[in-house]
Amino acid sequence: MLSRSRCVSRAFSRSLSAFQKGNCPLGRRSLPGVSLCQGPGYPNSRKVVINNSVFSVRFFRTTAVCKDDLVTVKTPAFAESVTEGDVRWEKAVGDTVAEDEVVCEIETDKTSVQVPSPANGVIEALLVPDGGKVEGGTPLFTLRKTGAAPAKAKPAEAPAAAAPKAEPTAAAVPPPAAPIPTQMPPVPSPSQPPSGKPVSAVKPTVAPPLAEPGAGKGLRSEHREKMNRMRQRIAQRLKEAQNTCAMLTTFNEIDMSNIQEMRARHKEAFLKKHNLKLGFMSAFVKASAFALQEQPVVNAVIDDTTKEVVYRDYIDISVAVATPRGLVVPVIRNVEAMNFADIERTITELGEKARKNELAIEDMDGGTFTISNGGVFGSLFGTPIINPPQSAILGMHGIFDRPVAIGGKVEVRPMMYVALTYDHRLIDGREAVTFLRKIKAAVEDPRVLLLDL
């Protein structure tokens, strides 16, 4: 064993000497991962001493693309009121994406945030599973950049027309008819004697089995779907409102005759000047701001931590908008300084963003009062639930012709029921009823707003 080790050592020494002198055919070429002691040192290298000869063995990795071409995309920063969200992937590993193309969507408590691709490239890896929870700054996916945008697929060329079938050159000649027999053929003698039982010409058939009761009807089934984060948050907030607030609702009805007449008379001029349609929501938003200035307690809120009442000198009205994902409430800020055109423009912009699922969290943060319009769905009557941490909410309903007493006579007028749900811990019945009557007066006669009555 000892002699064998010495032989191996001598053979290795001779090879090493030949390598150092250049006699080895590989001595003049650089070997990957191996360098002589005269070469520079590397942080990932280690030195090996064999027969007083020092070698440096370097371990490394190589890649075909520069590191700068591989980008890690992280979760965008959330607002202070949002801590995490659920990821829903729109692309998979290996998909080619263009710059600003949506790769995934992060669903938070309030809205959905779309994460676009920062450049043209190919998805290398998805770092979070579908449905996984992420926080702000969490790595989402890696993208390998490419030079140009992905080419659109060319439309498939129409297949070549099939060659027309060859038409028959001549009609087929029918075969000659067989001769008609003039005599009946002889009756064959039976090989077995006939039995005494008659033979039926029709084979007996078995009646089909009777169908089970209810088999022809549709099958009864059920399926389950996980609640999305927005629906969970809505359920949580509404239950918090019921458990925290002492909610009470007061009602009134509004004659919509004058506001309908004003809209019909000025909608064309309004559209021509502002390029906006004149609706009823702007009238209720403006009337609510007018009433909130008269009754500031409705615009206030209780701070349960410090047991204080917070009065706001600004009016930010949240307008409820129904989307396929759930109810969202974007905020119209500083309504007290707006006119009808400003309100209509803001409502149009927020509604368009809500339908396209482009609302940012900043669009829904805050709000001192909420208006919910169930009338667009044909609602006749209802009691809305407060949107915490606010103290009141106005519920609008449908406009229906009803007989009402006007000056001692019965007339048919377009009427709307309105409901005000408020936190009775802070707002007394007198303030709530006065507030709702202010809205009624401003909508029934818009001149009240002009004259500040």
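Glycine too: its Cβ is placed from the backbone N, Cα and C atoms.
These figures come from a predicted structure and were not determined experimentally.
Copied over from Swiss-Prot, here are the features:
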type	residues	note
ACT_SITE	His424	active site
ACT_SITE	Asp428	active site
COMPBIAS	152-172	compositional bias 'Low complexity'
COMPBIAS	173-196	compositional bias 'Pro residues'
DOMAIN	70-144	domain 'Lipoyl-binding'
MOD_RES	Ser81	phosphoserine
MOD_RES	Lys110	N6-lipoyllysine
MOD_RES	Lys154	N6-acetyllysine
MOD_RES	Lys267	N6-acetyllysine
MOD_RES	Lys272	N6-acetyllysine
MOD_RES	Lys273	N6-acetyllysine
MOD_RES	Lys277	N6-acetyllysine
MOD_RES	Lys307	N6-acetyllysine
REGION	152-225	region 'Disordered'
TRANSIT	1-67	transit peptide
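When the recorded positions Lys267, Lys307, His424 are screened for a Cα within 10 A of the Cα of Lys277 (N6-acetyllysine), the ones that qualify are Lys267. Around Lys273 (N6-acetyllysine), a 10 Å sphere centred on its CB holds 10 further CB atoms from the protein chains shown. Ranking the modified residues Lys277, Lys307 by other CB atoms within 10 A of the CB puts Lys307 at the bottom. A sphere of 10 angstroms centred on the C-beta of Lys267 (N6-acetyllysine) encloses 14 other C-beta atoms. For Lys273 (N6-acetyllysine), the nearest of the recorded positions by C-alpha distance turns out to be Lys267; the candidates were Lys267, Lys307, His424, Asp428.
Long-range Cβ contacts of His424 (active site) within its own chain (separation 6+, distance under 8 Å): Cys245, Ala246, Met247, Leu248. Of all the recorded positions listed here (Lys267, Lys272, Asp428), Asp428 has the Cα closest to the Cα of Lys307 (N6-acetyllysine).
With respect to their backbone Cα atoms, Lys272 (N6-acetyllysine) and Asp428 (active site) stand 44 Å from each other.
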